[in-house]
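> Annotations per Swiss-Prot:
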{"type": "TRANSMEM", "residues": "38-58", "note": "transmembrane segment"}
{"type": "TRANSMEM", "residues": "76-96", "note": "transmembrane segment"}
{"type": "TRANSMEM", "residues": "119-139", "note": "transmembrane segment"}
{"type": "TRANSMEM", "residues": "151-171", "note": "transmembrane segment"}
{"type": "TRANSMEM", "residues": "180-200", "note": "transmembrane segment"}
{"type": "TRANSMEM", "residues": "223-243", "note": "transmembrane segment"}
{"type": "TRANSMEM", "residues": "275-295", "note": "transmembrane segment"}
{"type": "TRANSMEM", "residues": "315-335", "note": "transmembrane segment"}
{"type": "TRANSMEM", "residues": "370-390", "note": "transmembrane segment"}
{"type": "TRANSMEM", "residues": "393-413", "note": "transmembrane segment"}
{"type": "TRANSMEM", "residues": "437-457", "note": "transmembrane segment"}
Amino acid sequence: MASEDKKSKREHIIHFEDTPSKSLDEVNGSVEVPHNAGFWKTLAAYTGPGILVAVGYMDPGNWITSIAGGASFKYSLLSVILISSLIAMLLQAMAARLGIVTGRDLAQMTRDHTSKAMGGFLWVITELAIMATDIAEIIGSAIALKLLFNMPLIVGIIITTADVLILLLLMRLGFRKIEAVVATLVLVILLVFAYEVILAQPNVPELLKGYLPHADIVTNKSMLYLSLGIVGATVMPHDLFLGSSISQTRKIDRTKHEEVKKAIKFSTIDSNLQLTMAFIVNSLLLILGAALFFGTSSSVGRFVDLFNALSNSQIVGAIASPMLSMLFAVALLASGQSSTITGTLAGQIIMEGFIHLKMPLWAQRLLTRLMSVTPVLIFAIYYHGNEAKIENLLTFSQVFLSIALPFAVIPLVLYTSDKKIMGEFANRAWVKWTAWFISGVLIILNLYLIAQTLGFVK
């Protein structure tokens, strides 16, 4: 009988499960954690998932907004980046806690509490968000390949599909290898922009004042629009699903209160530390935009514009050099590659969680990748590889992210506030109401952004 079941599964490579397996089953509980070690050794064991989540906050889609914010309003919007990062820390900590306490990711929990039809609808919405996120990363990677190697954009877009093979190899080597590779790519981004900001010699006292909120952010319409862009990109819907899943990669006994409590503590520390690094990177991007482009008439609305400007002494002054431009392209490629790894993982989590679809890892990841590459490739062929036209896709991809946001944030706050689900680990009253307030503000801001992007609001 058992052999017949195995044969049946082989014949049906792609199938739907009545009872879904664990979230990211192949790596769930795969990382051992010490039980009686000191603080630093325990933290080292839990460090890793946070960096995978953090890359979503510094992907190519966020770059233009941050640099444009600095170029337009100097250091004034640093306070918006600070507030955005604090919001991200709260929501990502809640996502990790949901996964650790329940052993279910956000997609599985949402599906458990909705009908099959609703599960399918939510999957479509969230899958569109994954595609939107991936589009930004594909475009960023393809443009970086063109800038570095003069590779045609269409070829670069096709090459990005090979990311799937890299991820499959890393999964075979263990989840810690994925964490290490992504951490290395993020370190490259951090070092490149730290170096470029040091060369730009920003005004430090003026820079620090930028972290203090001020009324102009609300009263100045142009400043408000850019602020909305920064805040709107704060919470990436797929990151909440991802965070609730990869927090389960550490091996713990959920029947033991102390182990669960410790896992929540160290996962939260890891998440906050890595999101602090994302905050630093986004700050560096805005500071670079302010130090080099504020007061100039140069356009910094596209990656190619930024690349060219960094080697133009009439725009950035004496520090201009081809090396600065090349470093920018290297960081852009690192950002695109790190984000595609996490985006593909999130695609698997969402597909399995919402519609219980199981297929071989290579097929699932290839499908997720092709769903994102195809629209970009069609767009690139239609516009004959025109970078400006292709980068316009970035703007519209953000609309899908905004639409999907409520479908991630609202369930997250609901489930983590429910004592029947979370027991004593449910949100405290002040956390719950703070989260609801933040969620409401984020949703309103994103709806406003959609209306502006589509031209309904002037």
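The backbone N, Cα and C atoms fix where each Cβ goes, and this holds for glycine too.
Could you give the neighbours, burial and distances for every feature on this list?
Outside the transmembrane segment (76-96), and at least 6 residues removed from its termini, the chain residues within Cβ reach (under 8 Å) are 49-50, 53, 57, 66, 69-70, 106, 207, 210-214, 216-217, 223, 226-227, 230-231, 233-235, 239-241, 243-244, 247, 264, 267-268, 271-272, 275-276, 278-279, 282-283, 286-287, 409, 412-413, 416, 427, 431, 434-435, 438, 442.
Non-local neighbours of the transmembrane segment (180-200) in the same chain are 48, 51-52, 54-55, 58, 170, 277, 280-281, 284-285, 287-288, 291-292, 310, 316, 319, 324, 327-328, 330-331, 334-335, 337-338, 341-342; each lies 6+ residues outside the stretch with a CB under 8 Å from one of its CB atoms.
Residues 50-51, 53-55, 57-58, 62-63, 66-75, 77-78, 81-82, 85, 88-89, 92, 186, 189-190, 193-194, 196-197, 200-203, 207, 309-310, 315-317 of the same chain, all 6+ positions outside the transmembrane segment (275-295), place their C-beta atoms under 8 angstroms from a C-beta of that stretch.
Sequence-distant contacts of the transmembrane segment (370-390) (same chain, at least 6 residues past either end, Cβ-Cβ under 8 Å): 127, 130-131, 134-135, 138-139, 142-143, 146, 152-154, 157-158, 160-161, 302-304, 343, 347.
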> Mind checking which residues of the chain, 6+ beyond the ends of the transmembrane segment (223-243), have their Cβ under 8 Å from one of its Cβ atoms?
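49, 52-53, 56-57, 59, 61-62, 65-66, 68-69, 72-73, 76-77, 80-81, 83-85, 87-88, 91-92, 95-96, 99, 105-107, 126, 129-130, 133, 216-217, 271, 342-343, 345-347, 349-350, 353, 398, 401-402, 404-405, 407-409, 412, 442, 445-446, 448-449, 452.
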